[in-house]
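Feature list (source: TrEMBL):
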BINDING   H73, H171  substrate binding site
BINDING   D90, D101, E229  divalent metal cation 1 binding site
BINDING   D101, H164, E198, E229  divalent metal cation 2 binding site
DOMAIN    8-235  domain 'Peptidase M24'
Amino acid sequence: MNQKKIKLMQEGGQLLASIKTQLGSMVKPGVTPLDIERHANKLISQTGGQPSFKLVPNYHHATCVNVNDSLVHGIPTKQPFKNGDLVSIDLGLYYKGYHTDTSITVVAGSSSPKLQTFINVGYKALDAAIKAAIPGNRVSDISRAVQTTIEAAGYSVIRDLTGHGIGTKLHEDPYIPNFVDPNHHDSTLYSGQTIAIEPMYSMGDYQIKIESDDWTISSLDGSLTALVEDTIAITPEGPVILTR
């Protein structure tokens, strides 16, 4: 991928980062996931781009909003957030021919040291994984950085969902597990590659289930979950974060 394409993705990523921040600041008791969704559509429309997730077959929303034990792919509902809810917002932007993808986890209303530590570990894992995303390293170096950080804090990495390559398509090779999987094709990272690194983890066990809406994925044991994500470009000078 040439510099022009990375520049376009960075342009889209900066727009998406701003939208992510605005949506995160909306999360308060009494606000609903559907409120977040509506505002996301408005903000994305103003960029001249499109919601990436609406280009996924059979998904009709700009965001996935997940609460507490709900991890990913949560359809935005009218159920208001309660004080202390752990809320993840995942969204993508298709802009000038390229996708960027990002996620944020925040607390509605009053947080607690326990919740704040849980969230902070995810960002620590994400930053460690990004540092490992250099030419010549392997996918497993990213996976190891996530797994080591999350498990050292006493949490579990989700094993059935992954980060991914991204560009003209929302999901491309390589797929990037959040743990070192001996059965996964361990490809070498190269300059010009663009990937979405996506730590997903829980306070309890790593097993997950699909809810009755056929989209929402939650922890099997009902434990709290979190998701953080950035799109990055791998360059000779090191990783460039496109969605901050």
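In case you wondered, yes, glycine gets a Cβ from its N, Cα and C as well.
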Binding-site residues listed as H73, H164, H171, least Cβ neighbours within 10 Å: H171
Residues close to divalent metal cation 1 site centre defined by D90, D101, E229, Cβ within 8 Å: L91, G92, T102, S103, A196, E198, L227, T231
Cα-to-Cα gap, E229 (divalent metal cation 1 binding site) vs E198 (divalent metal cation 2 binding site), nearest whole Å: 4
Those binding-site residues of H73, D90, H171 having Cα within 10 angstroms of H164 (divalent metal cation 2 binding site): H171
Shell list (divalent metal cation 2; ref centroid = CB of D101, H164, E198, E229; cutoff 8 A): D90, T102, S103, G163, I166, I195, A196, I197, D230, T231
Nearest of the binding-site residues (D90, D101, E198) to H171 (substrate binding site) - Cα to Cα: D101
Per DSSP, three-state class assigned to E229 (divalent metal cation 1 binding site): strand
